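For 373, the entry in TrEMBL reads active site, nucleophile. According to TrEMBL, the S-adenosyl-L-methionine binding site annotation covers 242, 243, 244, 245, 246, 247, 248, 266, 293, 323. Feature annotation from TrEMBL assigns domain 'SAM-dependent MTase RsmB/NOP-type' to 141-466.
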């Protein structure tokens, strides 16, 4: 059930997206009316959270069953004794699924209000509490211990420190204030602690703030799938070309039983430090992370030896993951995107530079997996069509496991090629209404089907590089 307005986009961006989703190939297959209906459904679903919270178990340190038991106890505490089921994914054995309860419609709105920024609001809808930096406005009489109604300023119009706000705001639920208005807006930049503990969110999801941090990694279902598609093997040398914050990097190392070499690159120093922290926390020693621009990762000078540091010689890696920088238009929930068309279009050329470097760095018979968390044709299927033309040495490969739908028409790919891709389409199933009664009655197979379908928007393509002739 749709309870929020559709994602707010600039008109030129919405028109651009519509052209992609109502293209000639799709209209020929589905008809214009059905193509337009699917597009409008997609825009509505993007503003709502997926129906499951997904966590990946660090199998390097513990068994899935052991972590599942610990997590069950934690959820009992968080949900005041409610027995919410935890499902192990049948095709991704290290993935646990927790159903999201909501939307809850009978929450009484309070007189005392806090307005949070859109990003903070999105996090609240996925189980987060409200931290001080996320608060934009609070009622003038708000004090610690008060029950507060929390709203998201989805259009970014609320002034920092305002005492009231009459603009467009979306109700996220109620919580208890840990700080007074004066403490939140006293001008101290270092104030970063929890400001409102959410007690009655519209969507009830577990909070994973410091919950079993060595055993669990919060990760969307398609993001966990990507590494299984890459299928890293012990002893291999693997490159994660755009690795931050390290979810997929650490997953690669865990699937290899921490045997081999995993090189992680990112060009932002603070993000590389985060990768190193995550590797240390999860007890993984095979990861080496470098602050380096992936577009320049190929060594052109064969003479100078960089001793295992970037740049690297061509054909150095058995498998490469290119989880490319992208427009992120598949992220959920996302009630507003302020990007211009120019910003949206800037990713395709960057992705091609990174892809070119990846092909050069891949050994013959090596595997390259390309993925994005966006929905645009230009960053997904069009990139596959470009790659197959630009690099005759690449062959598109079937993926295992196959959980997402096939690729989207519009880039000139054949039906056979589209079936070899995985596209996660947030409009694939109706938004569910989930409460404790429906959970008790739900069949396991129906819940798993919903988890596979109602996820963030995501795309995966797998290639193999032919032998040198």
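Positions of Cβ are set from backbone N, Cα and C atoms, glycine also.
Heads up, TrEMBL stuff is auto-annotated, nobody curated it.
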Greatest inter-residue Cα distance in Å for the S-adenosyl-L-methionine-binding set 242, 243, 244, 245, 246, 247, 248, 266, 293, 323: 19
Residues near residue 242 (S-adenosyl-L-methionine binding site) in space but at least six apart in sequence (CB under 8 A): 265, 266, 294, 322, 323, 324, 325, 354
Candidate with sparsest Cβ neighbourhood (10 Å radius) among 244, 246, 248, 293, 373, the listed recorded positions: 293
Length of the line joining the Cα atoms of residue 244 (S-adenosyl-L-methionine binding site) and residue 373 (active site, nucleophile), in Å: 14
Candidates 246, 248, 293 (binding-site residues) - the one closest to the residue listed as 'active site, nucleophile' by CA: 248
